[in-house]
Ligand code: PHE
């Protein structure tokens, strides 16, 4: 234990445990639910290319920076920013960065849990055989029926929040490590099988063409922002989740290799989800731009038609719920770690507090799909507003600040030491990306959206 380490701060048992937990955080609804539907809404290939570029040039360097900041102090994100900015003699305003992350985490989890609730409801639907012999319009009816019912959504959202709180209450090691160990490989295998099914639909080529052939005329300023925002969202960066996981990382682990592995896995999972879903979309005559219901309106068609679809459907949605769970726990971990380390609470109390706030906030999203669907601010429902505010604004702003802090404020010898690659070419490349490329790219995309560029 080092001098700066808080005695109550946990540590992963190994590098592998961190990889599992951080991959668990990264891979979630963002990959399987969100990536396909925003790709569908934003015209396909060109959007995918911008997203991939953002992951590579902005996401990966910032993920390394965030892990490094957390590991240096071994504290929660709020205290990490306080300790590090004081260490560097920087402005006190840097203290707010940790807070912004905690708030973003609450806001994201409030809607994330509602969508994870949909996935949970679909476990039951799969179990009762609702997908059999149903055509595309019946499957759509099933989904519309679910989101029209506040009671059902409240039930599933509450169940998911309870699950999140009970895993987080157990602590990082027992709670998180165990859950992800078997889950990630299983989800991966399922996706590959779904892609194999997609090959039999007769629209595989069309699906792949949509996903991988760029048509840049379809790209608007807002789609570029959405692609960039999604790079942050899917890698779980810009709000402290990766920072707090980094703070549990043993000192001797190489951050760069680990981050590449996590980001690579995350990207492959998203692309596999797209390759499974779009062929089904075209084969069933559905709209790629169907919105947040896309996977719930397409995958059940596959489960209803394939041999063994009953079991496969159940397993798939169970996996999806677990993937969501391993992300949701990282969304409240920064707040929980802060409450435990500063407010004298035990993990259970901290979970009850932060979980209850998020649970209540979730009602805004629930009602966006039914009784408040006509209530719009800036032309967006509460769900759309929360999504835009967090993924497109708060995470990129958080990531921008992390890049500036790690690149310009933190002393070079500290970042060299933490990243464990003093004066190497890799360090130089990272330094250029974090000091110039990543912040400039975020800034330019913002300028473009507000119409200055
Ligand atoms: N990365 C998660 C996903 O893709 C969501 C997430 C965002 C988790 C931000 C933590 C922090 O589903």
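A Cβ is built for glycine as well, from the same backbone N, Cα and C atoms used for every other residue.
Just so you know, TrEMBL annotations are computer predictions that nobody has curated.
A quick note: this is a predicted structure, and the numbers were derived from the prediction, not measured.
Here TrEMBL flags 12-33 (among others) as transmembrane segment. Under 8 Å from some Cβ of the transmembrane segment (12-33) lie the Cβ atoms of residues 67, 112, 115-116, 119, 172-173, 176-177, 179-181, 183-184, 187, 191, 230, 233-236, 241-242, 245, 248-250, 253, 258, 261-263, 265-266, 269-270, 273, 292, 294-295, 320, 323-324, 326-330, all in the same chain and six or more residues away from its ends.
What TrEMBL records for 45-65 (among others) is transmembrane segment. Long-range contacts of the transmembrane segment (45-65) within the same chain: residues 35, 38-39, 209-216, 218-219, 223-224, 226-228, 230-232, 234-235, 237-238, 242, 255-256, 259-260, 262-263, 266-267, 271, 274, 399, 402-403, 405-407, 415, 419, 430, 433-434, 437-438, 441-442, each at least 6 residues beyond the stretch ends and with a Cβ under 8 Å from a Cβ of the stretch.
Counting only same-chain residues 6+ beyond the ends of the transmembrane segment (96-119), those with a CB under 8 A from a CB of the stretch are 28-29, 33, 76-82, 146-147, 153, 155-157, 159-161, 164, 233, 238-241, 243, 292, 296, 317, 320-321, 324-325, 327-328, 331-332, 334-335, 338, 354, 357-359, 361-362, 364-366, 383, 386-387, 389-391, 394-395, 397-398, 401-402, 405. TrEMBL lists 96-119 (among others) with the feature transmembrane segment.
Look at TrEMBL and you will find 153-170 (among others) tagged as transmembrane segment.
Per TrEMBL, the feature transmembrane segment maps to 182-204 (among others).
Annotation comment: TrEMBL describes 224-246 (among others) as transmembrane segment.
A Cβ distance under 8 Å defines the sequence-distant neighbours of the transmembrane segment (258-282), meaning residues of its chain 6+ beyond its ends; these are 15, 18-19, 22-23, 26-27, 30-32, 35-36, 39-40, 48, 52, 55, 59-60, 63-64, 67, 184, 187-188, 191-192, 194-195, 197-199, 201, 203-204, 206-208, 210-211, 234-235, 288, 290, 294-295, 298-299, 301-302. As annotated by TrEMBL, transmembrane segment applies to 258-282 (among others).
Here TrEMBL flags 310-340 (among others) as transmembrane segment. Among residues of the same chain six or more beyond the transmembrane segment (310-340), those with a C-beta under 8 A of the stretch's C-beta atoms are 8-9, 21, 24-33, 75-79, 98, 101-102, 105-106, 108-109, 112-113, 115-116, 119-120, 122-123, 126-127, 129, 131-132, 160, 163-165, 167-168, 172, 175-176, 179-180, 183, 186-187, 190, 193-194, 236, 239-245, 247, 299-300, 303-304, 346-347, 349-351, 353-355, 358.
Only residues 6 or more beyond the boundaries of the transmembrane segment (352-373), in the same chain, are considered here, and those with a CB under 8 A from a CB of the stretch are 106-107, 109-111, 113-114, 147-150, 153-154, 157-158, 161-162, 164-165, 168, 332, 335-336, 339, 345, 381-384, 386. Among the features that TrEMBL reports, transmembrane segment is placed at 352-373 (among others).
Sequence-distant contacts of the transmembrane segment (393-410) (same chain, six or more residues past either end, CB-CB distance under 8 Å): 58, 61-62, 65-66, 68-69, 81, 84-85, 88, 90, 94, 97, 100-101, 103-104, 107, 228-229, 232-233, 237-240, 431, 434-435, 438-439, 442-443, 445-446. According to TrEMBL, the transmembrane segment annotation covers 393-410 (among others).
Annotated transmembrane segment per TrEMBL: 430-450 (among others), in sequence order. If one looks beyond the transmembrane segment (430-450) by at least 6 residues along the same chain, the residues whose Cβ comes under 8 Å of a Cβ in the stretch are 54, 57-58, 60-62, 64-65, 221-222, 224-225, 228, 256, 396-397, 399-400, 403-404, 406-408, 415, 419, 421.
Panel annotation: around the transmembrane segment (153-170), residues 109, 113-114, 116-118, 120-121, 146-147, 176, 179, 321, 324-325, 328-329, 332-333, 336, 347-348, 351-352, 355, 358-359, 362-363, 366, 369-370 of the same chain, lying at least six beyond its termini, place a Cβ under 8 Å from a Cβ of the stretch. For the transmembrane segment (182-204), the residues of the chain that approach it from at least six positions outside its boundaries are 20, 23-24, 27, 32, 265, 269, 272-273, 275-283, 299, 302, 306, 312, 315-316, 319-320, 322-323, 326, judged by C-beta separation under 8 angstroms.
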